[in-house]
């Protein structure tokens, strides 16, 4: 049974109609500009198969949701991973929704308001796949939105294969009202990026899933 929407943390601030959408546009533009500076000016980022992500974000069929999944190397992965050259990181309409840890991003009302404007959905780690904000994520998928997830469940900087994945992302794919396109992303180097750019730039690599091999809950979705 779906709980009342009023129990969701500051959901009103996440609505695109909140104050005419101006606060959301301002936050997305500012954070997107920050990501561009860090990823493309202070450091260097190389992306393999960027055209696939760009096409899915801009031109996928109306009403078809997109789920991107990636490893988690640092607290700056999102938004910096979207700051590569040519990506519309400052466009509030095209920006991703993302599952964000409630205990980190939603500690108080100020942070909650900021991250809600940034299209973040609070998730309680250990709260299970049926917690109320997972229902909110499903609603965004029903609306044909783009949702990004970190299925490892926490930051992991080990130079090793991706750790055991939590099953929350799989449950979203399985329960989505509309079959989503799923695009896997693997990246390295974001934990070493310089914010001041004075000690020499670092480099990051992003590998996007191949367009002919994007899994969905029904096998493979043609993108």
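The backbone N, Cα and C atoms fix where each Cβ goes, glycine too.
Mean pLDDT across the domain 'Phospholipid/glycerol acyltransferase' (66-190) comes to 90 in this model. Residues or ranges marked as domain 'Phospholipid/glycerol acyltransferase' by TrEMBL: 66-190.
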Helix, strand and coil totals (DSSP H, G, I; E, B; other) for the domain 'Phospholipid/glycerol acyltransferase' (66-190): 37 helix, 26 strand, 62 coil
